[in-house]
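Annotated in TrEMBL:
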- 34-150: domain 'MTTase N-terminal' (DOMAIN)
- Cys43, Cys79, Cys113: [4Fe-4S] cluster 1 binding site (BINDING)
- 174-409: domain 'Radical SAM core' (DOMAIN)
- Cys188, Cys192, Cys195: [4Fe-4S] cluster 2 binding site (BINDING)
- 412-475: domain 'TRAM' (DOMAIN)
Amino acid sequence: MERVAETLTILQPEDKEAIDLPRTSEDELATGKKRLYIESYGCQMNFADSEIVAAVMRNAGFATTSSAEEADLIFLNTCAIRENAEQKVRNRLQHLNALKRRKPDLLVGMLGCMAERLKTKLLEEEKVVDIVAGPDAYRDIPKLVEEAESGQKAVNVFLSREETYADIAPIRLNSNGVTAFVSIMRGCDNMCSFCVVPFTRGRERSRDPHSIVREAEALLADGFKEVTLLGQNVDSYKWASEDSTESVNFAQLLERVALISPDLRVRFSTSHPKDITDEVLYTMARYDNICNYIHLPAQSGNSRVLKLMNRTYDRPWYIEKINSIRRILGEDCGISTDMISGFCTETEEEHQETLSLMEYVRYDYAYMFAYSERPGTLAAKKYTDDIPEDVKKRRLNEIIALQQQHSAERNRRHVGKVQRVLIEGTSKRSDDFLCGRNDQNKMVVFPKGDLQKGQYVNVLVTDCTAATLLGEVVG
Ligand code: SAH
Ligand code: SF4
Ligand code: F3S
């Protein structure tokens, strides 16, 4: 039987440029098949979606390659969250233009959120693009490719109320073989006023819990040791069987996945302050294999700004949630956030309240952004993007500087303590060191010894930076 090359090139969210993975021998074996190269931008959900797309395309007879130069078909799975996310993709298209001039039969497809946002406009603006497919159109991609092969431009940006791709087994060869993402829902119904996601990903829908558990079990059988359950707002996960005899909320789903095996770690992202319940926190406390870490984006520390953002909670409510986490899961529970600087009409005092909220919570980690107006969002329609760029930047820098201090301080808490670490692979800095995460999602680096990825080890933390814990294995 002919083997199919399955290597995917996936871009990590922080990276600025696509990284070409080294070519594998499988690449060479894929003779006779058309080759797909896929590159992902944006959030973890997009990365998970690329694995679905790879599976769909493999079923349609394509091989995947890790080299854009060798590909017959190139997909960019795009993000639209901020203007610079789209700019990055536009720049990449310039490079692909040059490639296509050398290889006129090459087809270029735009997938994901930017494709959904711009629809056919993309075809007008970017002549190099042949195919446009939104996040709910991935089953249709082989047909779109066929159309494009016959010389027509092909578009499907239909958003569905049901699609969850529950029956498609993603191709995971881009992963480290230890940790994997599992989508548990799609879309978002929240309508935060700054956010484009409800427009690019459509209505919220939850995936059948049985298919989620089956996927996690299959991952464990394949040697994976950690799953991250993904959704834009996991706390509003809600599924009911058609005859209404079975219903499952997020806490119950979390428990079902945790019960698969004590050896399978469970993480999840993203939690929403308006929806996270004590039931979720108590479930986390009950199971050692549910990691003690919550990503709970605040966006701002000021109640008036939160109202304008349509986040539907205020500062006291958010603080109450933090207090519940600390009460139920303890001071050591890892907490991270997203923060936006310079949202419409944000005053200096209101910005100070974001800093003071950070002082109160002392986050382990934060993703921090300057506000970027997105066309079509509520904020773009209702408010003026009136904070000058240099003020947004300065406020952002203050947020980043404070977070650096807190990250270092929170990391120092672990020094002198023994942490259970799941080894993910070799450290980027040196082949003589391994790295893996502790319960709180912090990266721990330690000497290699005879250990291998996929093992759990106890590491005594001896030192730290703001980003990493350093230590030695104690058994
Ligand atoms: N569903 C998640 C967030 C998804 S988007 C949640 O509700 O928390 C990831 C982050 O990007 C957001 O939390 C927000 O901080 C940021 N973001 C979204 N739209 C933005 C915009 N227009 N400008 C700047 N940052 C934005
Ligand atoms: Fe966007 Fe808000 Fe939905 Fe998160 S919860 S994806 S920020 S609309
Ligand atoms: Fe970007 Fe879409 Fe994710 S806009 S952040 S890829 S949901």
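Backbone N, Cα and C atoms are what each Cβ position is placed from, and that goes for glycine too.
Structure with TrEMBL features highlighted.
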residue	record	DSSP class
Cys43	[4Fe-4S] cluster 1 binding site	coil
Cys79	[4Fe-4S] cluster 1 binding site	coil
Cys113	[4Fe-4S] cluster 1 binding site	helix
Cys188	[4Fe-4S] cluster 2 binding site	coil
Cys195	[4Fe-4S] cluster 2 binding site	coil
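Mean model confidence of the domain 'Radical SAM core' (174-409) amounts to 97 (pLDDT, 0 to 100 scale).
Sorting the binding-site residues Cys43, Cys113, Cys192 by the number of other Cβ atoms within 10 Å puts Cys113 first.
Other residues of the chain with a Cβ within 8 Å of the Cβ centroid of Cys43, Cys79, Cys113, the [4Fe-4S] cluster 1 site, are Tyr41, Gly42, Met45, Asn46, Thr78, Ala80, Ile81, Ala85, Gly112, Met114, Val197, Thr200. In sequence order, Cys195, Val197, Pro198, Arg201, Glu204, Gln232, Asn233 are the residues near Cys188 ([4Fe-4S] cluster 2 binding site), counting only same-chain partners six or more apart with C-beta under 8 A. For the binding-site residues Cys79, Cys195, the ranking by surrounding Cβ atoms (within 10 Å, all protein chains) places Cys79 first.
Taking the centre of the Cβ atoms of Cys188, Cys192, Cys195 as the [4Fe-4S] cluster 2 site, the nearby residues of that chain (Cβ within 8 Å, site residues left out) are Asn190, Met191, Phe194, Val196, Val197, Pro198, Gln232.
Residues distinguished by a CB atom under 6 angstroms from ligand 2 are absent from the binding-site residues Cys43, Cys79, Cys113. Taking only the Cα positions, the spacing between Cys113 ([4Fe-4S] cluster 1 binding site) and Cys192 ([4Fe-4S] cluster 2 binding site) is 16 angstrom. Residue counts for the domain 'MTTase N-terminal' (34-150) by DSSP state, with H, G and I taken as helix and E and B as strand, are 63 helix, 22 strand, 32 coil.
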